[in-house]
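Here's the structure, in structure tokens; my notes come after.
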Amino acid sequence: MAEEVPTTPPPAPLYVDGCPGCAMDRKKAANKGIPYKEFFFVAVTTIASALPISSLFPFLYFMIEDLHVAKKEQDIGLYAGFLGASYFVGRFLVSFFWGVVADRVGRKPIIIFSVASVVVFNTLFGLSVQYWMAITTRLLLGALNGMLAPIKAYSIEICRPEHHALGLSVVSTAWGLGLIVGPYIGGYLAQPARQYPNVFSEESIFGRFPYLLPCLSISIFSAVVLVSCIWLPETLHKHKNIENEVGMSGHSRTPQTEDVDAGKSLYKNWPLMSSIIAYCVFTLHDTAYTEILSLWTVSDKKYGGLGFSSKGVGQLLAIAGLGLIVYQMFIYRPVHRYLGSVNSCRAASALSIPLIAAFPFMTHLSGSKLGLALYFATILKAALGITILTGTSLLQNYAVPQHQRGAANGVAATAMSFFKAIGPAGAGALFSWTQKRQDAAFFPGDHMLFFILNLVQFIGLALTLKPFLAVPKHYK
């Protein structure tokens, strides 16, 4: 008989003392469950970062009016557009920088600095009495809030590979909730002396600064979150030659570590760049859809709208946000586990096309039938959107090693900020144009509006197919 060759046991994981990344890997190896505490910190810090983005839109028109910068009433929209876009311009300019810094000094310092910038500059925005001060504080808020790039990398570094999809869905859902709750805060708390004269007088500080209360409320919440950041664990490895010094176990490494050239330029990494391009197209569609939905639902029925009140739109978006929470907690993980990142993106994108095409036909409904159809469609569209954005974010993070992950998310955030800056303006112009063609023979009114939305969605779907999308070897 041939002599039996003894099998060599797998090497035990080796960790470097004093390295926070190794400490996190050791913790993940010992605890196979979902890190609920860390996910909670990710959620609240993401919400704190997202709240200021949309909180100004309910009072933006009135703020421009009170600042007396527009000579004509017709010019208010122009100045409001510049002020609304200033945040995204600031984020577009420096998102890549914050991603690179997060790869050098760690995720935690950038997260703390970003939350602190919300506390300071969002409060200063509420105190603005001149247009230049308002636009400067919004620009600095976008530039100094470098949260988006490191928080995505952080959300998958605090959990084991089987929970990566859940980690990124926490970021996406918390971000969406912040964008939904923000307008509620801005709408209900702006101009408190006018809305609640029995509580706030015109001579009080909130009467002299009518937009301070919503900004201060968000800043106070962010200050509480800032204190909680003390307990955030760092995840970045702080030693060189990680692959040689640390023999990670299969559970504590991300799946792409063996597949990625660590020295490869980000811009020559086609799996990364192809997923970023698809991500940006879907982001453009999602931003335009949100803008168009809010305009279409409140517009008059004679222009193809639904004639909702602003309160009704707020309730619609809030219920969509609650639906996202339920989807994230109970449905998304099984869907991702069964389909994977790529196929879930393709399926969600394909299902979105007939769903969007159905929106203009809802104008023929009324009463409970309209409410049921609209709420169902909005919740389903939000779930499909979060599936797409989370899947493309996972592909981006799986396309690079850890020491490039912050920079990779910085590139994605920079490109995304550009599309988010042009999305609302383009959607508003498109909405205005389609309202003027109610009697057109080819796709009249809102039918053309949602048809163009579907064209963008179809382009995004095409970008998830071969040969354009190159996926990491882990998915092959």
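Just so you know, glycine gets a Cβ as well, placed from its N, Cα and C.
The shown structure was predicted, so the numbers you read here are calculated from the model rather than taken from an experiment.
Mean model confidence for the domain 'Major facilitator superfamily (MFS) profile' (38-472) is a pLDDT of 84. Feature annotation from TrEMBL assigns domain 'Major facilitator superfamily (MFS) profile' to 38-472.
For 39-64 (among others), the entry in TrEMBL reads transmembrane segment. Note on the transmembrane segment (39-64): residues 70, 76-77, 79-80, 83-84, 87, 111, 114-115, 118, 122, 125, 131, 134, 138, 141, 145, 147-148, 151, 154-155, 158-159, 166-167, 170-171, 173-183, 185-187, 190-191, 211, 214-215, 218, 221-222, 225-226, 228-229, 231-232, 310 of its chain, located 6 or more positions outside it, place their CB under 8 angstroms from a CB of the stretch.
Here TrEMBL flags 76-98 (among others) as transmembrane segment. Proximity of distant same-chain residues to the transmembrane segment (76-98), defined by a Cβ-Cβ separation under 8 Å and at least 6 residues beyond the stretch ends, is recorded for 52-53, 56-57, 60-61, 63-65, 69-70, 110, 114, 131, 134-135, 138-146, 148-150, 406-407, 410-411, 413-414, 417-418, 420-421, 424-425.
What TrEMBL lists as transmembrane segment is 110-129 (among others). Packing against the transmembrane segment (110-129) from elsewhere in the chain are residues 45, 48-49, 51-52, 56, 67, 98, 101-102, 137-138, 140-141, 144-147, 149-151, 154, 209, 211-216, 218-219, 222-223, 225-226, 229, 232, 406: each is 6 or more residues past its ends and has a CB under 8 Å from a CB in it.
Residues annotated as transmembrane segment in TrEMBL: 135-154 (among others).
Positions annotated as transmembrane segment by TrEMBL: 166-189 (among others).
Per TrEMBL, the feature transmembrane segment maps to 209-232 (among others).
Here the transmembrane segment (276-296) has Cβ contacts under 8 Å with residues 179, 304-306, 313, 317, 345, 349, 356, 359, 378, 381, 385, 388-389, 392-393, 396, 411-412, 415-416, 418-420, 422-424, 426-428, 430-431, 446, 449-450, 453, 456-457, 459-460, 463-464, 468-469 of the same chain, all six or more residues outside its ends. Annotation source TrEMBL lists transmembrane segment at 276-296 (among others).
Beyond the ends of the transmembrane segment (316-335), by six or more residues, the same chain brings 165-166, 169-170, 173, 176-177, 180-181, 183-184, 294, 297, 308, 344, 374-375, 378-379, 381-383, 386-387, 390 to within a C-beta distance below 8 angstroms of the stretch. The annotation transmembrane segment is assigned in TrEMBL to 316-335 (among others).
The transmembrane segment annotation in TrEMBL covers 347-366 (among others). Packing against the transmembrane segment (347-366) from elsewhere in the chain are residues 282, 289, 296, 301, 304-306, 339, 373-374, 377, 380-381, 384-385, 387-388, 391, 445-447, 449-451, 453-454, 457-458, 460-461, 464: each is 6 or more residues past its ends and has a CB under 8 Å from a CB in it.
TrEMBL lists 372-395 (among others) with the feature transmembrane segment. Tertiary proximity for the transmembrane segment (372-395) is limited to same-chain residues at least six positions away from its ends with a CB under 8 Å from its CB atoms, namely 152, 156, 164-165, 168-169, 171-173, 176, 271, 275, 278-279, 282-283, 286, 289, 293, 297, 306, 316-317, 319-321, 323-324, 327-328, 331-332, 335-336, 341-342, 344-345, 347-349, 351-352, 355-356, 358-359, 362, 365, 412, 460, 471-472, 475.
When Cβ-Cβ distances below 8 Å are used as the criterion, the transmembrane segment (407-427) is approached by residues 81, 84-85, 88-89, 91-92, 95-100, 102-103, 142, 148-150, 152-153, 266, 269, 272, 276-277, 279-281, 283-284, 287-289, 291-292, 295, 393, 396-397, 399-400 of the same chain, each at least six residues removed from its ends. Per TrEMBL, transmembrane segment is recorded for 407-427 (among others).
Under the heading transmembrane segment, TrEMBL lists 447-469 (among others).
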* Structure fact -> The answer for the transmembrane segment (447-469), taking Cβ pairs under 8 Å and residues 6+ beyond its ends, is 274-275, 277-278, 281-282, 284-285, 288-289, 292, 296, 304, 342, 345-346, 349-350, 352-353, 356-357, 359-360, 388, 430-431, 434, 437, 440
* Structure fact -> Same-chain residues at least 6 beyond the ends of the transmembrane segment (135-154) with CB under 8 Å of its CB atoms are 42, 45-46, 49, 52, 56, 82-83, 86-99, 101-102, 107, 110-111, 113-115, 117-118, 121-122, 124-125, 128, 168, 171, 235, 393, 396-397, 402, 405-410, 412-413, 416-417
